[in-house]
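Residues or ranges marked as domain 'Deacetylase sirtuin-type' by TrEMBL: 1-232. Positions annotated as NAD(+) binding site by TrEMBL: 11-30, 90-93, 174-176, 200-202, Ala218. Positions annotated as active site, proton acceptor by TrEMBL: His108. According to TrEMBL, the Zn(2+) binding site annotation covers Cys116, Cys119, Cys135, Cys138.
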Amino acid sequence: MSAEKIVILTGAGISAESGLGTFRDEDGLWAQHRIEDVATPEGFAANPQLVHDFYNARRAQSVAATPNAAHQALARLEAAHPGEVLVVTQNVDGLHEAAGSKAVMHMHGALSGALCAACENRWPAPMVMAPSDPCPVCAKPTTRPDIVWFGEMPYDMDQIWDHLRAADLFVAIGTSGNVYPAAAFVQDAARYGAHTVELNLEASATISDFAEARFGKASEVVPAWVAEVLGT
Ligand code: NAD
Ligand code: APR
């Protein structure tokens, strides 16, 4: 493999074996919480404390979690091919960076970030955020987690599409293929000539768009796939 550009889309499934719940699996986060209440701007306006409680709990869980063999394998892949591997993650947990990945785009934001809804200043989130927290720049009590909610524009989309267009290989790992625009990346990449691979516990909603698929736990399937790509 020389100068092959690889774009890897990850979802909640890659962090499941690190103890972080997925969204749509049985007992997933969306079985326990209403999306409208905790993951929309309208929900935040209606009850900011409830939304902060939700993300404060997820932040505490994420900080306590450690990367698993799947995150580590992706970091090895990048280390072997610097500049040729990009991870685009829908996850907000930070486990790719904890495993050593450097080229990571957080299209749905990150629990480690705070954002002022009034002046758009960003700063590192404290472990516990509260509706009364003032923005360090404009001093308004309008701080929110730096998370992309339903109805908002995901981050870095133009750059991500540029990378998808240039990709030789597109791999989706642990994502159910229900949330757009991420769910359409496989079609975008394929249209521009990338080979496409799904690595997931079970078939996603977009399985028919992939050229190839391997099913199993991320901690097993991802290291095996990386070993194949590296020829080790
Ligand atoms: P939606 O119909 O609620 O909203 C779509 C929004 O996403 C639009 O307002 C638009 O600004 C933006 N968008 C859609 N396609 C786009 C594109 N091609 N380029 C730029 N922006 C685009 O859609 P939805 O599927 O319900 O979710 C919207 C987004 O919200 C998701 O893509 C996801 O990033 C995000 N989200 C985040 C969380 C979270 O908790 N982290 C939860 C749910 C959704
Ligand atoms: N190994 C591999 N895949 C797994 C594992 C595992 N151990 N456990 C679960 N999965 C798979 C499931 O089969 C499913 O296809 O991971 C996927 C998880 O899907 P979702 O819970 O829908 O998570 P995701 O696709 O990341 O959700 C996308 O939705 O609510 C939003 O913004 C949130 O970023 C999130 C977006």
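Every residue gets a Cβ built from N, Cα and C, even glycine.
Curation plays no part in TrEMBL annotations; they are all automatic predictions.
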### Task
Could you name the residues, excluding Cys116, Cys119, Cys135, Cys138, of the same chain that surround the Zn(2+) site, i.e. Cβ within 8 Å of the Cβ centre of those residues, in sequence order?
Ala117, Ala118, Glu120, Asn121, Pro136, Val137, Ala139, Lys140, Thr142, Thr143
### Summary
In this predicted model, the domain 'Deacetylase sirtuin-type' (1-232) has a mean pLDDT of 96
### Shortest C-alpha distance to Gly11 (NAD(+) binding site) - which of the binding-site residues Cys116, Cys119, Cys138
Cys116
### Task
Output: those binding-site residues from Ser15, Gly19, Asp27, Cys138, Gly174, Leu201 whose CB lies less than 6 Å from an atom of ligand 1, in sequence order; none if no residue fits.
none
### Spatial separation of Cys119 (Zn(2+) binding site) from Gly19 (NAD(+) binding site) - C-alpha basis, Å
35
#### Entry: Filtered recorded positions, from Gly19, Asp27, His108, Gly174, Leu201, whose Cβ is under 6 Å from an atom of ligand 2
His108, Gly174, Leu201
## Note on the structure
Note: among binding-site residues Gly11, Gly19, Gly174, least Cβ-dense neighbourhood at 10 Å is Gly19
### Nearest recorded site to the residue listed as 'active site, proton acceptor' by CA-CA distance, among binding-site residues Phe23, Cys116, Cys138
Phe23
## Note on the structure
Row Phe23 (NAD(+) binding site), column other C-beta within 10 angstroms, all chains, value 19
### Task
Can you grab the distance from Ser15 (NAD(+) binding site) over to Cys135 (Zn(2+) binding site)? Cα atoms, rounded to a whole Å.
31
### Message
I'd like to know which of the binding-site residues Cys119, Cys135, Cys138, Leu201 has the most other Cβ atoms within 10 Å of its Cβ.
### Response
Cys135
### Query
Given the binding-site residues Phe23, Asp27, Gln90, Gly174, Leu201, which one's Cα is the least distant from that of Cys138 (Zn(2+) binding site)?
Gln90
### Task
With H, G and I counted as helix, E and B as strand and the rest as coil, say where DSSP puts Ser15 (NAD(+) binding site).
helix
